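A.B. asks: Once you've had a glance at the structure underneath, I'll fire off some questions.
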Amino acid sequence: MGDHFIRHIALLGFEKRFVPSQHYVYMFLVKWQDLSEKVVYRRFTEIYEFHKILKEMFPIEAGDINPENRIIPHLPAPRWYDGQRVAESRQGTLTEYCSTLMSLPVKISRCPHLLNFFKVRPDDLKLPTDSQVKKPETYLMPKDGKNNAADITGPIILQTYRAIADYEKGSSSQMALATGDVVDVVEKNESGWWFCQMKTKRGWVPASYLEPLDSPDEAEDPEPNYAGEPYITIKAYTAVLEDEISLEEGEAIEVIHKLLDGWWVIRFYQAQNPELRSFWKKA
C-alpha cells in the first residue's frame with residue numbers, strides 16, 4: 001500500500017565524491033513497512049539540518065523545556081573542515097543516532113519530516129558514469145557494525161604509492177616506512193604530509209618519501225615564480241640528498257616554486273653564484 005513508515009535504518013558506510021567538488025556522503029539502507037529496501041545518500045550537513053528541524057518540531061522531546069525530558073538523540077554540529085578522518089569517526093555516532101530515532105515514539109519515528117528525509121531522491125538513483133573526471137571512493141562499515149577505523153574497508157579507488165626511502169615516525173600519529181613499502185594514500189594535505197594506510201597500519205608520512213605506483217590523476221603544481229618570494233629561514237636544515245641545500249637559521253632566501261608535496265625550490269645566493277635547490281618545510 002506504500003511506504004507508510006520505516007522499520008529500520010542501517011548505515012552502510014560513506015562515499016568520497018569529487019563532482020562538482022570533493023565532499024562526503026553517507027550511505028543508508030532504509031527498510032520500509034512494505035518490506036522494500038532502498039539505499040539513500042546524504043551529506044552530514046543535510047542530516048544536521050534535518051536534526052535541527054526535528055528538535056524544533058518536538059521541543060519537549062528535544063529537552064528545550066526540561067532537559068530531563070529529552071529523548072531525541074544528540075548530534076554534533078558539522079565542522080569547518082570535514083576530512084576523511086572526520087567522516088570515518090562519525091559513523092559510530094550516526095549508527096547510534098539512527099537506531100535511537102527508530103526507537104522513539106511513533107509520533108516522531110513516523111512523522112512526515114523523518115519519512116520524507118529518508119525517501120529516495122532522484123540523485124540517489126544516479127550512478128557514476130565513465131565520463132566523470134573521477135569516480136567516487138566507497139568505504140563500507142565492517143559487517144559486525146563496530147566502528148573500528150582499521151576494519152573499515154579501503155576505498156574502491158585509492159592512489160597507491162611506493163616509499164623511496166626509510167622513514168622513522170616522530171609521533172604516534174605518523175607511520176614508519178621502509179624503502180619499497182607500498183601504501184594507499186587516503187588524504188593529501190597541502191602541508192606535504194599525507195595520511196596513508198598499509199594493511200592495518202595508518203598514519204601521516206611526508207609526501208617526499210613517496211612516489212606514485214599507478215600514475216594517479218593528481219592536481220598540477222602551480223607555475224614557478226621566477227621573480228622569487230622573499231623568506232627568512234626560522235630553523236636550520238641539513239641537506240640529505242644531492243638536490244637539497246643546507247640552511248642556517250635566519251638566512252635570507254627567495255622561494256621560486258612551492259610544490260604540492262611540501263618541498264620548495266629556492267634561490268640562495270652565495271659568492272655571487274646562485275644555486276637552485278629544494279628543501280623540506282614543515283607547516
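Each residue, glycine too, has its Cβ placed from N, Cα and C.
Please treat TrEMBL annotations as automatic predictions, because they have not gone through curation.
Copying in the features that TrEMBL gives for the protein in this structure:
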DOMAIN    4-125  domain 'PX'
DOMAIN    156-215  domain 'SH3'
A.B. asks: Within the domain 'PX' (4-125), what mean pLDDT does the predicted structure show?
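C.D. replies: So the average pLDDT across the domain 'PX' (4-125) works out to 90.
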A.B. asks: Using DSSP, how many residues in the domain 'PX' (4-125) fall into helix, strand and coil?
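C.D. replies: Once the DSSP states are binned, the domain 'PX' (4-125) shows 50 helix, 28 strand, 44 coil.
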